[in-house]
Amino acid sequence: MASSQKLWGGRFTGATDPLMTAYNESIHYDKRMFNADIDGSKAYAKALEQRGIISADELDKMLDGLEAVRDEWKTNKFTLQPSDEDIHTANERRLGEIIGTGIAGKLHTGRSRNDQVTTDMRLWLRDELDIIQKSLVGLLQVFVARAESDLDIIMPGYTHLQRAQPIRWSHFLLSHAFSILNDLDRLKQIYSRVNRLPLGAGALAGNPFAVDRKFLQKELGFEGVIMNSMNAVADRDYVIEFMFWASMVMTHISRLAEDLIIYSTSEFNFVTLSDAYSTGSSIMPQKKNPDSLELLRGKSGRVFGNMMGFMVSVKGIPSTYNKDLQEDKEPLFDSSKTVLDSIQILTGVLSTLTVNPENIAKSLTADMLATDLAEYLVRKGVPFRETHHISGSAVRMAEERNTTIDKLSVEDFKSLHPLYEEDVADVFNYESSVEKRCAIGGTAKSCVLEQIQTIKKALE
């Protein structure tokens, strides 16, 4: 391709190697930012008119032309040309065809693709964050609804994947919901740092025509202006921060997916996935595979890889803009889509999930109440370290007799400590056990209801 067809072609006399042209272009993935690019150009055109760089008539033509370009993108009528290196060159080329290059050529006055591209990215990401935030709220609402409807189901709580203590199923769900609620809070913080204006920074040294950056800030809805022009064009912290956030939320999604995969197995059978989020086997007719959950777990690694790959790309580049920064877009776009899809899939899984209370109840075992047995003596003044040992001795006694601790007699317990009395049998009640965990954050019904209200209030 002749260099004269390119925005930067005046310096060059030779044609670019075709492979280099393909290697250099980004239009096939950054074209999704067409709206952001047009919004940025419209605002910049207005700033140029304010400074007398273009006339009011030229501004009107630019604004109308840019809207015509936008309409072509929206209606899939925009035709890409070989010279369209990226979304910025494509839009400027098409604008020139519509209103003439004499006017369109003034649009880039004082503007560099360096400040243009990062403005587009911030505008695009800002819109994505709004969509993701709404999806997170929807997911949390499903968590709350399920926690309310399943409040009376008591299940084994696990540590080290070993049965530990009885808890409410709702308490388990809300443990994951609070992680997602923290993700929502972090997302709001990220938004404020994304929502800062780089436009008007030029290539690196600033704008030579004194465009009003405060006007650009208000026109494009940014919260503030990036005060250093070099930082404005070089900064990709907001990309990395979003990808870190995406990795964090995918970690939380993956951990819940793993729990539900385990609980959906025939060995547990605590839950049954809806057919809408399951698949079968090509050879084994009886299979119902939790592919939705496995993909949620698997795609977390994809998002982690996007973050690490881009961090490696930027860790050693010198100041301001370098072409390495073009590698920010594909991982950003992919992480955003993957996270949004994952949130929506998890929302569907949870809203259609069938809980099997009878199977859950069958999994409750008396040994899970060994701590309660120790606490029985604590309430009578015996030090916990001593009661822990005594309760452990009761567990061992039951194992040696090939029975469970709730089958031991009062005399058996008295042989371990004289303060055990007839009411020790009351220890072996799962409902009573969970209701004792009544400090803030516990699994008692009152505490779980308080947790539900906390999340509801946070979503107001």
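For all residues, glycine too, the Cβ spot is worked out from N, Cα and C.
Copied from Swiss-Prot, the annotated features are:
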ACT_SITE  H160  active site, proton acceptor
ACT_SITE  S281  active site, proton donor
BINDING   S26, N114, T159, N289, Y321, Q326, K329  2-(N(omega)-L-arginino)succinate binding site
SITE      E294  site 'Increases basicity of active site His'
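Where Swiss-Prot records a feature, it is marked here on the structure.
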{"residue": "S26", "record": "2-(N(omega)-L-arginino)succinate binding site", "Cβ within 10 Å": "16"}
{"residue": "N114", "record": "2-(N(omega)-L-arginino)succinate binding site", "Cβ within 10 Å": "21"}
{"residue": "T159", "record": "2-(N(omega)-L-arginino)succinate binding site", "Cβ within 10 Å": "8"}
{"residue": "H160", "record": "active site, proton acceptor", "Cβ within 10 Å": "6"}
{"residue": "N289", "record": "2-(N(omega)-L-arginino)succinate binding site", "Cβ within 10 Å": "15"}
{"residue": "E294", "record": "site 'Increases basicity of active site His'", "Cβ within 10 Å": "14"}
{"residue": "Y321", "record": "2-(N(omega)-L-arginino)succinate binding site", "Cβ within 10 Å": "20"}
{"residue": "Q326", "record": "2-(N(omega)-L-arginino)succinate binding site", "Cβ within 10 Å": "17"}
{"residue": "K329", "record": "2-(N(omega)-L-arginino)succinate binding site", "Cβ within 10 Å": "22"}
Cα distance (Å, whole number) from E294 (site 'Increases basicity of active site His') to N114 (2-(N(omega)-L-arginino)succinate binding site): 40
Coarse DSSP state, helix versus strand versus coil, of S26 (2-(N(omega)-L-arginino)succinate binding site): coil
Whole-number Å value of the largest CA-CA distance among S26, N114, T159, N289, Y321, Q326, K329, listed as 2-(N(omega)-L-arginino)succinate-binding: 51
Residue pair T159 (2-(N(omega)-L-arginino)succinate binding site), E294 (site 'Increases basicity of active site His') - Cα distance, angstrom, rounded: 22
Residue among binding-site residues S26, Y321, Q326, K329 with Cα closest to the Cα of E294 (site 'Increases basicity of active site His'): K329
Rounded Cα-Cα span from the residue listed as 'active site, proton acceptor' to K329 (2-(N(omega)-L-arginino)succinate binding site), Å: 40
When distances run from the Cα of the residue listed as 'active site, proton acceptor' to each of the binding-site residues S26, N289, Y321, Q326, the nearest one: N289
